[in-house]
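> Input: one structure, supplied below.
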């Protein structure tokens with residue numbers, strides 16, 4: 001029995017013939033009659049660079065789907081404009097020399113030539129692209145663009161045209177991502193273009209990372225995939241790279257200079273979702289930290305340096321002197337941008353570890369006596385005065401972030417032929433250390449000056465006879481005596497609040513009825529009294545009564 005007869009009996013010859021015809025029919029059933037394969041080569045560096053990449057080689061290959069032959073090609077080198085000198089790494093990788101790009105036209109000229117080449121294909125072969133396929137004749141040959149990944153048309157060309165204010169041709173806004181199609185069809189992730197060809201038994205021909213050679217090999221891969229039964233379709237119609245502009249405004253938590261912090265409640269569930277670093281200082285009787293708090297949550301603190309100028313309304317707290325973080329704005333926590341910013345000044349006299357964005361609040365019900373040295377109070381007052389005059393500047397040259405997360409919008413990762421690109425290392429030039437300015441959200445308003453001196457305060461507390469503000473009286477009185485909230489008409493202890501509406505009384509402290517106005521079952525007694533009035537009564541009692549009687553009354 002001859003070999004030919006045995007093959008006929010086994011049906012090998014018929015099977016081959018049927019398989020070949022089936023493959024041709026499956027290829028011809030594709031939606032597109034022509035495919036244009038594009039594979040750009042761009043400027044690249046060994047290390048990462050902040051500058052964008054520019055196209056230096058613009059190849060295109062026209063593939064006939066039915067015949068599987070390459071019928072036309074377009075190729076041109078492109079002269080880079082932003083960084084015209086190629087790196088040694090780029091020349092070694094792509095094989096493109098400096099002389100080739102110097103004598104090449106810029107990108108806008110190459111795009112014009114490429115558009116003329118596309119028009120010639122439309123006239124000669126009746127090629128129709130997706131942009132004008134709606135009004136095309138029934139006999140028109142539909143054509144699509146194919147790239148190995150979304151990087152060529154979705155990242156490289158798009159970003160460069162935006163930087164140079166060039167318009168992308170409408171036909172190049174729709175393409176087929178062959179790598180994504182390969183992964184879905186064969187259910188495996190390819191290891192680059194060469195690896196995808198080797199997995200299918202096709203040898204990569206030519207020099208790798210040469211634009212025209214890569215386009216030809218990509219055409220071979222597309223033809224093989226269609227032969228295996230893969231139906232090519234547009235993977236990213238009118239897809240744009242999601243370019244998110246860097247916010248040039250203040251973060252949401254730092255937009256208003258005088259922020260109204262409302263409904264600050266003393267509950268344990270308030271700060272469970274905050275991203276800020278909270279330091280719990282428990283059972284400490286005297287806290288004298290020079291770090292000015294990393295947004296500190298102080299529990300059971302008997303003595304803490306606290307400003308009374310914080311913008312608060314409806315502060316709800318218990319008598320345990322628990323400190324809560326004033327980071328609730330309209331009932332929601334804005335902890336994303338409450339980063340602690342450190343003062344980077346090269347000063348040997350002032351040692352400030354960090355400056356808090358929000359000041360720590362201590363329960364205002366009880367003001368305990370404090371025995372501090374005059375030097376410590378002056379140092380702390382100078383530090384807080386420096387913090388209150390600064391504002392947040394997102395364009396500052398060298399911000400110093402500490403104990404916070406700097407959220408940066410990152411571009412969706414894409415590949416440039418599976419090669420890590422970057423910038424060449426540059427020589428480090430010595431420069432003077434930058435001086436960072438710390439920022440603060442809240443600015444302490446100027447103190448309200450009284451019309452005349454308070455001589456009783458001068459004699460009793462040892463102060464100089466000069467016009468003093470209400471805050472100065474409060475601070476002086478807090479160092480000597482305990483001040484108890486007055487009783488309202490309801491018979492309850494009045495609540496101590498601070499005006500935060502930015503008006504003429506901004507920063508002043510007052511007392512009101514502790515009952516909520518929103519409660520319909522109970523009615524408030526409309527009790528209201530400025531703290532300055534309470535202090536005046538207390539000071540007058542200090543001068544008219546004996547020290548023992550005044551001390552008994554204040555308690």
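Using the three backbone atoms N, Cα and C, a Cβ is placed for every residue, glycine included.
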> Starting from the Zn(2+) binding annotation in Swiss-Prot that includes 488, 490, 513, which of 230, 525 is the extra site residue?
525
> Quick one: which of 214, 228, 526 does Swiss-Prot put in the Mg(2+) 1 site with 39, 41?
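When Swiss-Prot describes the Mg(2+) 1 site, the candidate it includes is 214.
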> Looking at the binding-site residues listed here (41, 152, 214), whose Cα lies nearest to that of residue 490 (Zn(2+) binding site)?
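Comparing Cα positions, the candidate nearest residue 490 (Zn(2+) binding site) turns out to be 152.
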> Report, in whole Å, the straight Cα-to-Cα distance of residue 39 (Mg(2+) 1 binding site) from residue 513 (Zn(2+) binding site).
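So the alpha carbons of residue 513 (Zn(2+) binding site) and residue 39 (Mg(2+) 1 binding site) sit roughly 74 Å from each other.
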> Could you measure between residue 39 (Mg(2+) 1 binding site) and residue 152 (Mg(2+) 2 binding site) for me? Cα positions, answer in whole angstrom.
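With distance taken Cα to Cα, residue 152 (Mg(2+) 2 binding site) is 7 Å from residue 39 (Mg(2+) 1 binding site).
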> Rank aside, I only need the closest one: which of the binding-site residues 41, 152, 209 has its C-alpha nearest to that of residue 525 (Zn(2+) binding site)?
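Of all the candidates listed, 152 is nearest in space.
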> Near residue 513 (Zn(2+) binding site), how many other Cβ atoms are within 10 Å of its Cβ?
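There are 19 such Cβ atoms around residue 513 (Zn(2+) binding site).
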> Please report the number of other Cβ atoms within 10 Å of the Cβ of residue 490 (Zn(2+) binding site).
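15, counting other Cβ atoms within 10 Å of residue 490 (Zn(2+) binding site).
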> Work out, from DSSP, the number of helix, strand and coil residues along the zinc finger (488-534).
4 helix, 12 strand, 31 coil
